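The block underneath contains the structure these notes are about, expressed in structure tokens.
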């Protein structure tokens, strides 16, 4: 068969492989001649295809040396225009043999792929023309419907709701003001947290978890009372002392900069004259006076809407608040006050209403009044404030109002105090004129926004122009605002069709990050500082931590690279101060402080020395990753003038900082703190030392690429820096770590991700053991950025199970707060039980981490580069290593992923991973790693000897290269992860806990094929139940099983099954259809009619487990329950097939582990059981639904928590 013929792999594998080999040879020769005559141009700079290749030529050069056959797309067709005869094929095969011999004997050519010349890269394309029909995802609606029960596991979801279709989050309960129940509006420049009534300023008056002194306070370092207030970006004050700080002695060396809040820009209030004057503001409205309440946040457009009836339902109040997405300094409030005519008393005649437009200094924090006044010409008010101790910075708040249908009749109003300014409007509501609508247009302009303009009068004029131009144009402004949000989402979208909660979390995370950042109107001399709490909170003083560099910016980079660049430009703008910091401590180079604000000086909250040195690696990583992404502007000039100075000066500093230990023959670090802040001032922090090693390699590669001077000492240190390890080859978090350690947050695991995603040194020799070991030692109340790291690490390291997805659920369920899908920093918000930690809120770090767990974790995408040995030039590429996602049937889709200035769709369905090149005019290079080199089994300590090298960028780590051209798609079969235990029919199936688990635990961990994750009952005195669904049309006869307990086995277990019935399958199929297509409350068909049932109207008691199953599969089955008792199907019961089976531990207590501080993985207690069906009544043995009941713990100790269920194994 000749090249002209279309050859399908599945029809003739031998011919396919022969032609693929010949095709590679031909293309390698073509590339060889091109490189000889045209020079070494990387694909990213090439404007045309290689000579001899056309759009009709599908050049397949999969790496036949190392790529597993199952990774080759069975749908790829090879088309050739040229008719080549058999002689040419044989000639090429002979040439291939000779060529291979040359490569294998020449050490220059056989170097690792991470540094191989493009001339000899296994480069080519396994692609096809892009097919839009293949870019959609499909998922079982029953699975998605079942996923909605996960919302019930979120904190405070009782009176919350989510409108999936319209992306609206909401609350139906009016209560006291508390931070976690409040939405906010923001546009990347201004923001305001919205109190219960929908506008205005409010101090918190309720803590949901504790009533104790300090319960209403925010956390370190301000420890002030939480409040719903307004903020403007980069408006930092200077504070000589703070309420709480780690290193107060450093206050003598320089003040700390923390964010100032500004006078509340949504502040409207009104009074009604009804048996006396009654005020409508957040301080005065009583809970008992409000009915029919709802407050909504639309993630589609960032508008907060509030609606309620007040004073016995007599008055309806509606409000809308939004920060204009394009006109960054403009905030708008719409207030509608109307009579409910049906609720008016018989004697009603009129209701006097007075509306106040107010700007109040008392609603700001850490500010000084500069000026306030009335602008009579424009019937407006304004106030100018300075942040504390910064007289050369100011912010103007300028407000003007209009009344719908009338002239602006607001008049000046004089308060008795000098720190407020107001105008008011009086009207009477009657049955003939029952409504008044007020529009408040507020402009906020700060010096930092207006080109660092220090003159307040200039900023006042700017603010006046914005507000008065906007006045009277509400509809057009609203349309423009919504369009701006629509355009943002048109650039970025994530789909998870099988799981409503995860998809909502992805979309809300994207919303929260976008709401607190902006693409333009950012000072090039300042950049964009983004605090942990964004623009609606002063958590952590609004200061900038590594959270911005490692967690937030990388999540935005694939969608909005210009925002990531703006954030990194803040570090560039403060780089000179980092140089001064190093000089202050007699070091060369530059060193950044742990916290930054208006300045980047060393402070009591943010030391530069003897603390978290990894911040310097984090900042360099963020900048280098922008270059790796290759967006517009992230070019060679960006690398030379932005990234290189940061990387170089960090390398110079670290060269001076490390100390050589002659006994070890390695370089060490001293008196530092790693990301795990439970362990302060330790030596040889693993993440810090690995970061130094990696950064020094970056410095060498970048400097050589740019032709800059490179210090050879950098690589000497990189090759010989000490990474502490135990005798069992587990990476120690720091030298001297003991076996009783509790880890605050992800630390050692960060060495895999994100530290490894820039280059090919992403697989640590002992990373798998590290992942297992440290997953058991995370603090139950640790911060919310921990488990997204485990998602990425598990996806890239483990070839068994589905724990990357169970970790994904652990990233959400303990931390996400209803009703407005905001992350808390902690899994436990009760400061009396979590170690006196008041959580940051909202915690944008978690939003960034969660997005990264999807963008880079589940997809296996990594930015990477290679260095050509001959030219020493860097060539950028994208690594793609997707695996099957059994817990997410239907897969995930990432729309409009930006890379090298091109636009991609990333699709992971049930069988294939697809990268579709749908925008741009340049090809991109993609590398698919070979997962067969991973070994995540047989990792007992005896198998590995202690090694000196820590990062395995060995010559054995190969992959396959593809070139993807515009309007083409790369399709590769997903890596099919293996079963953890052979024959386990329950692994990676759907599961739900019917009883409470320990906060932070998820039921998926018991079926994820990872023996080092677990689910644990909250109370060991109760019968804990887990309900397992073995899958649609998947029934089994369970004959035996195994339970892995870890170190805390149960006292006994029971196992029950629901005998299989085709009618039961039909029941759930029709319930799903009914819930998706009709509504019982709207007169839809009764369920028994849908099923064709004609049972007598006899009510029977429903088995509790049946009811739990129905609620799991139906979500809102409470609507259907009145119809269900008539059906005999619901009289079915779960049948016990194993009852009160006693548990006996089979592993001893390893006392020496504690006594001798031995760091190693311990074997798990296991229980094996068999099922004797001879003693079980009933004929049907097959089942789809299984309930595992776990009671007590084997040890009678004081710990109230139940047994740890690491893995459930069911076998036929």
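Cβ coordinates are placed from backbone N, Cα and C, and glycine is handled just like the others.
Record note: of 85, 296, Swiss-Prot gives the feature N-linked glycosylation site to 296, with no matching annotation on the rest. Given the ranges 41-61, 62-82, 83-103, the record in Swiss-Prot names 83-103 as transmembrane segment. Of all the recorded positions listed here (546, 547, 677, 744, 745), 547 has the Cα closest to the Cα of residue 428 (N-linked glycosylation site).
The Cβ neighbour count for residue 572 (N-linked glycosylation site), using a 10 Å radius and every protein chain shown, is 20. Of the candidate recorded positions, 572, 745, 912, the one lying closest to residue 275 (N-linked glycosylation site) when CA atoms are compared is 745.
Taking the mean position of the Cβ atoms of 546, 547, 744, 745 as the substrate site, the remaining residues of that chain whose Cβ falls within 8 Å of it are 545, 675, 677, 746, 783, 785, 845. Other Cβ atoms within 10 Å of the Cβ of residue 744 (substrate binding site) number 19 in total over all chains. Figure note: comparing Cβ neighbours within 10 Å for the recorded positions 547, 677, the maximum is reached by 547. For the pair residue 546 (substrate binding site) and residue 738 (N-linked glycosylation site), the C-alpha distance works out to 27 angstrom.
The distance from the Cα of residue 414 (N-linked glycosylation site) to the Cα of residue 243 (N-linked glycosylation site) comes to 35 Å. Restricting the glycosylation sites 243, 572, 601, 738, 912, 993 to those with a CA within 10 Å of the CA of residue 745 (substrate binding site) leaves an empty set. It is 18 Å from the Cα atom of residue 547 (substrate binding site) to that of residue 601 (N-linked glycosylation site). For the pair residue 993 (N-linked glycosylation site) and residue 744 (substrate binding site), the Cα-Cα distance reads 26 Å. On a Cα basis, residue 601 (N-linked glycosylation site) lies 19 Å away from residue 243 (N-linked glycosylation site). Counting Cβ atoms from all protein chains shown, residue 243 (N-linked glycosylation site) has 12 others lying within 10 Å of its own Cβ.
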